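For C305, C308, C319, C322, the entry in Swiss-Prot reads Zn(2+) binding site. Feature annotation from Swiss-Prot assigns compositional bias 'Basic and acidic residues' to 125-148, 164-179, 332-347, 360-374, 407-418. Per Swiss-Prot, the feature compositional bias 'Polar residues' maps to 383-406. Positions annotated as domain 'SWIB/MDM2' by Swiss-Prot, on the basis of sequence analysis: 26-109. Under the heading phosphoserine, Swiss-Prot lists S166, S190, S240, S242, S246, S260, S262, S386, S395, S407, S429, citing similarity to another entry as support. Per Swiss-Prot, phosphothreonine is recorded for T419. Per Swiss-Prot, the feature region 'Sufficient to promote the mitochondrial pathway of apoptosis' maps to 1-101; the stated evidence is similarity to another entry. Summarising the annotation, Swiss-Prot assigns region 'Interaction with MTBP' to 170-306. As annotated by Swiss-Prot, motif 'Nuclear export signal' applies to 190-202. What Swiss-Prot lists as motif 'Nucleolar localization signal' is 466-473, and the listing cites sequence analysis.
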Amino acid sequence: MCNTNMSVSTDGAVSTSQMPASEQETLVRPKPLLLKLLKSVGAQKDTYTMKEVIFYLGQYIMTKRLYDEKQQHIVYCSNDLLGDLFGVPSFSVKEHRKIYTMIYRNLVVVNQHEPSDSGTSVSENRCHLEGGSDQKDPVQELQEEKPSSSDLVSRPSTSSRRRTISETEEHSDELPGERQRKRHKSDSISLSFDESLALCVIREICCERSSSSESTGTPSNPDLDAGVSEHSGDWLDQDSVSDQFSVEFEVESLDSEDYSLSEEGQELSDEDDEVYRVTVYQAGESDTDSFEEDPEISLADYWKCTSCNEMNPPLPPHCNRCWALRENWLPEDKGKDKGKMPEKAKVENSTQVEEGFDVPDCKRTTVNDSRESCAEENDDKITQASQSQESEDYSQPSTSNSIIHSSQEDVKEFEREETQDKEEIVEPSFPHNAIEPCVICQGRPKNGCIVHGKTGHLMACFTCAKKLKKRNKPCPVCRQPIQMIVLTYFP
């Protein structure tokens, strides 16, 4: 059997214990139309307490199924006795003040326990029963003296101001310690509605649809307990988060104080303390990668700056102190060497021509033979010298012809070399660079192409390039993130 209870909150989160104790125990006599409605759901008396009136109203709405299936806080009573009683076609149980007034219009106070600190009288209550709008609602007065919303949720029995002096004195001993504990807790935040009036709210309507709601422990008697979370399971599933009546949580802050020594008797469980594990990563001062902590780079790999004698790690091309470019960091351009080669060849050829080499002249050899014969024959020195001079004079036109012929052959050779150089320029230039060793290890050839996007750089071996990729290092040349490493083969 599904147990239904009438509550004070919008979603069944707070019971009628928030009502003043004097009003809960006040005997009221329903008017004939309301009495007829109550007796239709099992009421047998003529006078009831406020708890019983709320309970039977909830039973009536449950029995007649006047609530909306989707939005269960809306009650439709246009063609029902409840609509004639309240004078409205529909209402929401969240309209506190409106429903409070409609209920009290149909009640007459029979007996009332008047507490010593109560400022209301019987005539004042009768004005509320008559529906006077100029008077302030008694529960609205309670709202002005509520300590805080967090105290209302944690201690609903202390929210009423209609207590006897003896009851307030009994609870006054408990308040300082509990308030002190609340004061030491850090930034207690409570989300609640503006007013918590004595309203009738249906709780656990959905328990008719599933038998799982029996485990919530709803009491079968009409007395409403002060439990908050036991009866709101089904309503929390149906309503949105914004419809929940009260949610309390704590936010830790640096200014929160520790618990005082007077609270030694109030031991806190492990659930009260929450430990968060935070890992803090300290970033470097610069965006550049540090090679000082790399175990695979030894001091032998460092290079010395020629300007300031500073020892620098192998990868950065510039000195860390004077920002001078490292020597031999980039290979020399082939175009410059090719442009200089013809000039050097011309100079060498001109020197060769002047020295007399590569001149195919048979007379020059005869002159040398005659000189050797002159050294052997001492008698004919003068005659041999004159003959040698004459032979040199006769050989001048032949040597000039040979020089012209050799210069034409040199020009043809230079043209052939230039055509070969042009063909080499058309071919890719990286095979020549790949012959050089790896920039990092200086031992293996450059066969690991560092690819990033549609471009790549060939400046390291495959092993060193894979290490850079594995350590999430950027490209040493352009500082772009490395996408992949390609092992490069050359013919």
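Backbone N, Cα and C define each Cβ position, glycine as well.
Note that this is a predicted model, so its numbers are computed, not measured.
Mapped onto this structure are the features recorded in Swiss-Prot.
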residue : record              : Cβ neighbours (10 Å)
C305    : Zn(2+) binding site : 19
C308    : Zn(2+) binding site : 13
C319    : Zn(2+) binding site : 20
C322    : Zn(2+) binding site : 12
Other same-chain residues whose Cβ falls within 8 Å of the Cβ centroid of C305, C308, C319, C322, the recorded Zn(2+) site, in sequence order: T306, S307, N309, E310, N312, N320, R321, W323, A324
The motif 'Nucleolar localization signal' (466-473), counted residue by residue under DSSP: helix, strand, coil: 5 helix, 0 strand, 3 coil
Reported mean pLDDT - the domain 'SWIB/MDM2' (26-109): 82
